[in-house]
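A.B. asks: Attaching a single structure in structure tokens format; questions to follow.
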Amino acid sequence: MTVHIHPAVDNGVKKGTGSFAGGTLVCKCSDRPVKVGIKGDVAHNHACGCTKCWKPDGATFSVVAVVPRGNVTVLENGDKLQIVDTSATIQRHACKVCGTHMFGRIENTGHPFYGLDFIHPELFYEQGSAAPEFAAFVSSIIESGVDPAQMPEIRSRLKELGLEPYDCLSPALMDAIAGHIAKTSRKAA
């Protein structure tokens with residue numbers, strides 16, 4: 001059985017250029033596509049198994065990365081954007097017509113990732129952004145209907161692709177969250 005992770009990585013993870021200056025994310029609409037400009041390269045690019053992230057058809061995982069909030073600009077057809085779930089921590093702005101999530105924004109200034117917007121690098125018109133580095137929330141794909149018996153094979157495929165599987169975020173990101181919480185707790189004490 002072939003394990004499909006995501007079209008952007010199924011045939012191998014493509015390394016970034018190391019000098020990606022940014023580009024334009026484009027939704028899947030053929031008529032009046034939403035276009036979002038991104039300045040600079042992405043960070044913490046990863047395969048995500050959560051049930052909230054947008055995935056293209058046939059993908060088991062999404063591929064998602066972050067960029068500084070100030071580096072995101074809606075360029076065209078912003079009238080087609082709507083927030084998918086206003087109660088979610090990450091406010092995912094999606095095209096009302098095709099459903100593609102264009103960017104996710106955290107509005108809670110106390111959140112460890114406030115100031116970072118979440119994007120799907122495969123939507124770049126340009127090539128060369130930083131490659132996925134790991135896989136997060138791997139067990140969560142079971143919630144979206146994957147048979148738990150397939151998990152060893154899926155984890156093996158992720159490792160084969162060079163995407164270390166975690167059931168939370170990568171250790172560096174978990175350390176950043178814990179550091180933020182510790183710093184905030186000390187201020188409150």
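Cβ atoms here come from the backbone N, Cα and C positions, even for glycine.
Take a look at what Swiss-Prot says about it:
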- 20-167: domain 'CENP-V/GFA' (DOMAIN)
- C27, C29, C95, C98: Zn(2+) 1 binding site (BINDING)
- C48, C50, C53: Zn(2+) 2 binding site (BINDING)
A.B. asks: If you draw a 10 Å sphere on the Cβ of C50 (Zn(2+) 2 binding site), how many other Cβ atoms land inside?
C.D. replies: 17
A.B. asks: Among the binding-site residues C27, C29, C98, point out the residue whose Cβ has the most other Cβ atoms within 10 Å, with all shown protein chains included in the count.
C.D. replies: C27
A.B. asks: Quick one: Cα separation, C48 (Zn(2+) 2 binding site) versus C27 (Zn(2+) 1 binding site), in Å?
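C.D. replies: Roughly 19 Å, rounded to the nearest whole number.
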A.B. asks: Give the distance between the Cα atoms of C29 (Zn(2+) 1 binding site) and C53 (Zn(2+) 2 binding site), rounded to the nearest whole Å.
C.D. replies: 19
A.B. asks: For C53 (Zn(2+) 2 binding site), just count the other CB atoms lying within 10 A of its CB, please.
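C.D. replies: Other Cβ atoms found within 10 Å: 22.
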A.B. asks: What other residues of this chain sit with their CB within 8 A of the center of the CB atoms of C27, C29, C95, C98, the recorded Zn(2+) 1 site?
C.D. replies: K28, P33, V34, K80, V97, G99, T100
A.B. asks: So of C48, C95, which of the binding-site residues has the fewest other Cβ atoms within 10 Å around its own Cβ?
C.D. replies: C95
A.B. asks: Rounded to the nearest angstrom, how far is the Cα of C50 (Zn(2+) 2 binding site) from the Cα of C27 (Zn(2+) 1 binding site)?
C.D. replies: 21
